[in-house]
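Student: What Swiss-Prot records for 645-654 is compositional bias 'Basic and acidic residues'. Annotated domain 'Kazal-like' per Swiss-Prot: 433-488, in sequence order. The N-linked glycosylation site annotation in Swiss-Prot covers 124, 135, 492. Residues or ranges marked as phosphoserine in Swiss-Prot (evidence: experimental evidence): 634, 635. Residues or ranges marked as region 'Disordered' in Swiss-Prot: 645-670. Taken from Swiss-Prot, the feature site 'Essential for pH-sensitivity of estrone 3-sulfate transport' covers 107, and the record attributes it to experimental evidence.
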């Protein structure tokens, strides 16, 4: 007898170790998948400039990840539970790695990146068309050489990036639904909040590394190793700069493939941790499952797929939770996807600086909030109803704080002919005829070229020619233009490359913006675990995997795919000046009206998230009519199926189960 008990204890220790290995492996998988996703998001502006595409097309590339996920999520979530879940997750990690590898390939098949400029890299006087020269006979126009126009077709290689992102989405499909269902099936229910909190921490730790990687790659010129960077006339803060986006995708490919290895050595199933009655020891010392665990597995095989779908669609709390999530995620995706671009345009930061600030100020508090939220749920054994009220109140408070972002804004950069007149007076935007003035009408300047210079008077000009500059000294980024007729500043009339920097007042507002971001991110993450536990507890155990998959499917269809596209299209409408390709085609946007940009970037998420509190409020009302076994008896937390309590003596399952007379029968039914 003692020998049998020792075997049981030894086997339970092994099972516990395997659960920890699975949890660690799944956390690493969540980390690498989120690393890849956030890195992709951080490089969106670089890809937009590399291929000279609009923000809406860049949003389509970003949303293509959801397209790949879309076609497989529901079927993987349902049928994946019948397969070897750890192995399926491992295969998904390999596919993600291959997708990242494909996304980096266009760099190796394209020529060197040629940014829009009229300045010769060596400052050769024979090609000084960037200066103001009176009586110039040749007007600067886009090149119409057919050979060069064909060369521009390389920009269509963004499709390869999109296909790679679709493949990455396919590989990501099984990780979350199968991973969470595996934990829910084989771990104590009271430990689930902590385990999910650890997973969420991994999901946020991944973006931290992804943003740091993105910040590093954004500082490296895209053609590093094949060009002399000393000859460049642009810096990382220039809107024409393209960082080495392809390097990060190679890193993501490697870590995703390495993460897949442990999953191929994990078992298909584990006995429910802590439930000895579900474990039997045979004569040869092996552990076998019986009872509830076996019945649940058989039930999952025999149940009809459409029956589960019908139950989920008839679950009011589940459907309202999906509606709330879709509205919330629409606002969150729109805000996070274009946050680097917003920091660039609003506060004058380079892409590398913007990505670094996001990683330092936004993600660590989110990571901490996820962990604390899961710990609080486990430590204080918060019931499902209390968790719902907690999540709702914290979310509303965070939403009100988000409104303060409207007060932390900067003015448009002073660019003569776009945002201000040549005399420094602000005028109506989008006026094309204001580009030329009396000081440069005889210079025969191109009005489309974007080669900005900053004058000593604090006003930027679209090019040295439009500033009326006739001389220059230096080479590369150290060039200084002199004798500029449009610049009048205490007798000095020189200019340097690039837009003028924002003032100290704008820098102070950025600091307040970042501090507010820390507070908002922490509160937002605190609501995630309580809210997610409400979601998990409102469906039966055999429906959880499909429920998670359907929830993810709806978010993909109604938020993940359309949100970046329509949001990017709205941002495109705020563009003040578009880049010009060799054949005269429109390239990427070089400068935005930051006032209109701000109204869209902040206003649309506020409207979407504000509307999400209506279905969330109905969830709180409906939860009063439902009874959770855990709200009555804490020992019933392992059986947290939700029951409708219309009468004290009569309990009906939310999915339409027959009546049960006592808690013991309830456990048997479930």
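One is the number of the first residue shown, and numbering goes on along the chain from there.
Using the three backbone atoms N, Cα and C, a Cβ is placed for every residue, glycine included.
Give me the local environment of each listed feature.
Tutor: Here the domain 'Kazal-like' (433-488) has, by DSSP, the following mix of helix, strand and coil residues: 9 helix, 15 strand, 32 coil.
Taking the Cβ of residue 492 (N-linked glycosylation site) as centre and 10 Å as the limit, one finds 13 other Cβ atoms among all the protein chains shown.
Under DSSP, residue 107 (site 'Essential for pH-sensitivity of estrone 3-sulfate transport') is assigned to a helix (H, G or I) in the three-state scheme.
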Student: Is residue 492 (N-linked glycosylation site) helix, strand or coil when read with DSSP?
Tutor: strand
Student: Expressed to the nearest Å, what is the distance separating residue 492 (N-linked glycosylation site) and residue 107 (site 'Essential for pH-sensitivity of estrone 3-sulfate transport') at their Cα atoms?
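Tutor: Counting only the Cα atoms, the answer is 44 Å.
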Student: May I ask which residues of the same chain, at least 6 positions away in sequence, place their Cβ under 8 angstroms from the Cβ of residue 107 (site 'Essential for pH-sensitivity of estrone 3-sulfate transport')?
Tutor: 222, 245, 246
Student: What is the pLDDT of the domain 'Kazal-like' (433-488) when averaged and given as a whole number?
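Tutor: Mean pLDDT, the domain 'Kazal-like' (433-488): 85.
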